[in-house]
Amino acid sequence: MKVSAATFAILLATATFRAPASASPYASDTTPCCFAYISGRLPFTHVQEYFYTSSKCSMPAVVFVTRKHRQVCANPQKKWVREYINSLEMS
């Protein structure tokens with residue numbers, strides 16, 4: 001009986017200290033963060049879509065998704081990045 005009580009206590013302690021993934025305020029935010037920008041200009045013909053990184057990220061960025069499904073981080077303050085966004089919005 002003592003063995004099963006000890007096992008129950010261990011399981012209870014483990015369940016208490018282990019938080020479910022949905023308890024995190026960031027669990028539903030699945031957008032990636034960027035830590036560096038592309039140094040050059042990405043060819044527009046390679047770009048399929050874009051999205052902005054979360055405001056929770058330390059570095060604001062636009063993520064361009066290429067036709068090969070690669071994600072490329074770009075500086076949202078660059079003129080070419082804003083032009084690409086405008087072109088994608090118009091199409």
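Even glycines carry a Cβ here, placed using N, Cα and C.
Per Swiss-Prot, Cys73 makes its disulfide bond with Cys34 among Cys33, Cys34.
The two recorded residues, Cys57 (disulfide bond) and Cys34 (disulfide bond), have Cα atoms 8 Å apart. Recorded residues Cys73 (disulfide bond) and Cys33 (disulfide bond) have their alpha carbons 9 Å apart, per Cα-Cα distance. Looking only at the disulfide-bonded residues Cys57, Cys73, the densest Cβ neighbourhood within 10 Å occurs at Cys73.
For the recorded site, Cys73 (disulfide bond), the DSSP three-state label reads strand.
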